[in-house]
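According to TrEMBL, the active site, proton acceptor annotation covers Glu414. If you look up TrEMBL, you'll see His413, His417, Glu436 marked as Zn(2+) binding site. Under the heading domain 'Aminopeptidase N-like N-terminal', TrEMBL lists 102-305. The domain 'Peptidase M1 membrane alanine aminopeptidase' annotation in TrEMBL covers 341-569. Feature annotation from TrEMBL assigns domain 'ERAP1-like C-terminal' to 646-968. Among the features that TrEMBL reports, region 'Disordered' is placed at 47-84. What TrEMBL records for Tyr502 is site 'Transition state stabilizer'.
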Amino acid sequence: MGPPSSSGFYVSRAVALLLAGLAAALLLALAVLASLYGHCARVPPSELRDRGAPGAAPSLPGRQEPTSQPGPTPEPDVAATRRNWRPPGPWDQLRLPPWLLPLHYELELWPRLRPDDLSASALRFTGRVNITVRCTAATARLLLHSLFLDCESAEVRGPLSPDAREATAGRVSVVELWFAVDMQYLVLELGEALQPGSLYELQLSFSGPVSQDTREGLFLNLYTDQGERRALLASQMEPTFARNVFPCFDEPALKATFNITIIHHPRYVALSNMPKLSQSEKEDVNGSKWTVTTFHTTPHMPTYLAAFVICDYEHISRTERGKEIRIWARKDAIADGNADFALNITGPIFSFLEDLFNISYPLPKTDIIALPTFDNRAMENWGLLIFDESLLLLQPHDKLTEKKIMISYIVSHEIGHQWFGNLVTMNWWNNIWLNEGFASYFEFGIINHFNPRLPRNEIFFSNILHGVLREDHALVSRAVSMKVENFTETNEINELFDLFTYNKGASLARMLSSFLNEKIFISALKSYLETFSYSNAEQDDLWRHFQMAIDDQSEILLPATVKSIMDSWTHQSGFPVITLNVSTGVMKQEPFYLGKVKNQTLLTHNDTWIIPILWIKNGTTQSLVWLDKSSKVFPEMQISDSDHDWVILNLNMTGYYRVNYDKLGWKKLNQQLEKDPKAIPVIHRLQLVDDAFSLSKNDYIEIETALDLTKYLAEEDEIIVWHAVLMNLVTRDLVSDGNNHDIYPLLKKYLLKRLMSIWNTYSTIIRENVAALQEDYLALISLEKVFGTACWLGLEDCLQLSRELFRNWMNHPENEIPNPIKNVILCYGIALGNDKEWDFLLKIYNNNTKEEERIQLAYAMSCSKDPWILNRYMDYAITVSPFTFNETNVIEAVAASEVGRYVAKDFLINNWQAVSERYGTQSLVTLLYVIGRTISTDLQILELQQFCSNMLEEHQRLTVQAKLQTIKNENLKNKERSARIAAWLRKNT
């Protein structure tokens, strides 16, 4: 017996016996646990959400919570030992601990999809994965990613002998397994620590649900082909959905090789990243036969590129430089030739990029598959590219849309990823722009290589630059490249796939190329891609290779290192406004804000950019200069009021900034436009309009300065410039606001006088030779706005053309309305017609199965000016035929027009409950915003609040009140702007 306790604590004999009994029971429990060390109880994640990780949430935001079918009640085993609380640990961190390095996955998946049973509401799959890992730090705890998966068993084999793994491998006991749900981890507690430097194999069996509502992980598509209902399975792993399909180390830097096996019904074909290696047959417990397809080993790649498809599709193929390319699609689509265009462009794009970078595409084949439903996106999986069919398939007769060019750009983007993303991958998601920005940038180089007549700068502006400049500003919440420590939740990774990653990333790559030159730019990228092939890179790695290319030559001199220059753009939000005073030559920079504040010290954007200034003077390109401080003097940019010089900064809009001038600078440009607009290149006429209207809207210049630039428009024959002017002048609010009676007649007189030349050009083409438009991409994307404005302004020839084309289509359906103006013609055909035209369109709608066209028709039917037709339409949507018009909220569509706003409001009074049941209670809130879009007084807000008081819950009423107040304030500001526009129009009409 030991020494007595210093506290003098006394234990009676009865208590001692009780304690001895408890100790014996504890030892027995530990012995049972030791005997069950490798067993993982079948406890679905749904049961672990409140007892796994500390502070585990009851559900995952934005994620489907599938209902799992638990197995039989487990015996007393590891499930019984789970604690309800875990101390803080690595499972609380978004990044995996660096203890294990995955080297290879042996993955088998068995989805239970059968072609004769498509009604299963809870389709599931089973799987097994053996992951070979190298231990880099001693640890008795393993973390993998896993979400929505049920674990059947878990074992750890090793240490493995590099020469004879099977013969010499031991086993490491798995004492406990649990889920840290917040960070989506599967945690294995081991009986002993793994040894640094040794190899181990993690063996896991699992099952999970096939997603039917989202395109994440392994998901289901139901579709119709050859008149039959069919199904397919496909995968989407990027960015963090591989963990929904199999337990894995789901981070982009943890690359490994994969051997993939898919078990599927014999009537289906299975596709994966690599070519098929072998096929065999197996029977399930019911005697049903299944096909086992095994694929060749992949190169080293991240989990987000693993891809699988199980489908009943046909394909067409060709060989490019000895490697097979196959396009897979619905059998109907293949038979109709809809995949031919994609097949014809894919091989040459691969060859072009191989030659450009001098790096061969490393996989032996490429499969590209068109899914009926993929949320209008595409994915670059190595060897198995997946597209929404609307982005890949082209009907052979579909020549009068921008779709041909759009498909070319998207296919180019995804093939570009085979180098930027697949071959070289960013180290973590904070630099996803290295993938998406460069793939987006090279879209344009690829397409211009094959279509050199396309106006490259104007298309880049329209497709990329315009949209992101409209959304970006100094107080936007994020930069292109983020610090890793800024991320705390998985859903923050998903949010990175936005306009800034793609469009701003592409714009910064283009700017970098412009202030270097194409030779240096491509040389640096070649070096970067060669160095980091099959590996990962940081943004700084890219800058280092650009710096190496700069240091190897003497032609290009920079004011700072490439890293310093580019970090000033990628590490801070927003972009600068450059202001040039042409009288003094002083140039300054300041952050662009949505609504410039006079007391700028209230704002907290103190950094400056290192800005490349490419510029022209009197149409001649000048030497590159740099604005690397808040202000600087450039004497060569000075001009006087007496001469005829003019200066434009930002040559070809390659810089990611807006440009402002002093009054003399704007005056000189306006004079040149009126004297000889063609002396200013198209891209700069586009730039002047876009910059001036944006700067005036946000209080950097007066609106009159922007309007002065439109005086010359009678001489403007480039439709893309007209498109920019009309997008800024004829806004949606102006068109749908009946209170614009003051400005409308002035605008009508001013614009129609200048619009006639461009109208006559394109209306003649529409009437006489519409096929001529098929190669004019800028016209295809601009015509709708130009024609819509002409009809809105009451141009009789536009209204007459709308009647002609609509009635011709009614009487002879084979005479289709030209697609670029189809929305305009459908709308004005209904607005100028009566119930005969409306009933015809309804019939077309009911017989149409294409969602995109049904949406187009549904909106067109809301263009009627007859209240009784609009009332019938809304009634039809919610009561007579509640199972149609699922693609469109008909009440919202009606309320969007000026006539419809009042009709919809009256309709809601008696039918708000039916509307709520049909479209949901949130639709009532949205409807009130649409109906109240023109309010400008507190009395109007009060009237709307009283109107909706019985319809909404208390929290919804508060939300509506706040939103209506915001709308009112915006409208008051717009009224001031409109009044100034009206005054200017009176003076200049």
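Any Cβ shown, glycine's included, is placed from N, Cα and C.
For Tyr502 (site 'Transition state stabilizer') paired with His413 (Zn(2+) binding site), the C-alpha to C-alpha distance reads 11 Å.
Residues His413, His417, Glu436 make up the record's Zn(2+) site, and a Cβ search at 8 Å around their centroid adds Glu380, Glu414, Gly416, Phe420, Gly421, Asn435, Phe438, Ala439, Ser440, Tyr502 from the same chain. Within 10 Å of the C-beta of Tyr502 (site 'Transition state stabilizer') there are 22 other C-beta atoms, taking all protein chains into account.
Each residue contributes its Cα atom, and for Glu414 (active site, proton acceptor) and Glu436 (Zn(2+) binding site) these two points are 9 Å apart. The Cβ neighbour count for Glu414 (active site, proton acceptor), using a 10 Å radius over every protein chain in view, is 24. Within the same chain, residues at least six positions away from His413 (Zn(2+) binding site) with a Cβ under 8 Å of its Cβ are Ala378, Ala439, Ser440, Phe442, Glu443. Per-residue pLDDT, averaged along the domain 'Aminopeptidase N-like N-terminal' (102-305), amounts to 94 for this model. Cβ neighbours within 10 Å of His417 (Zn(2+) binding site), excluding its own Cβ and spanning all shown chains: 24. Over all protein chains present, the Cβ of Glu436 (Zn(2+) binding site) has 25 other Cβ atoms lying within 10 Å.
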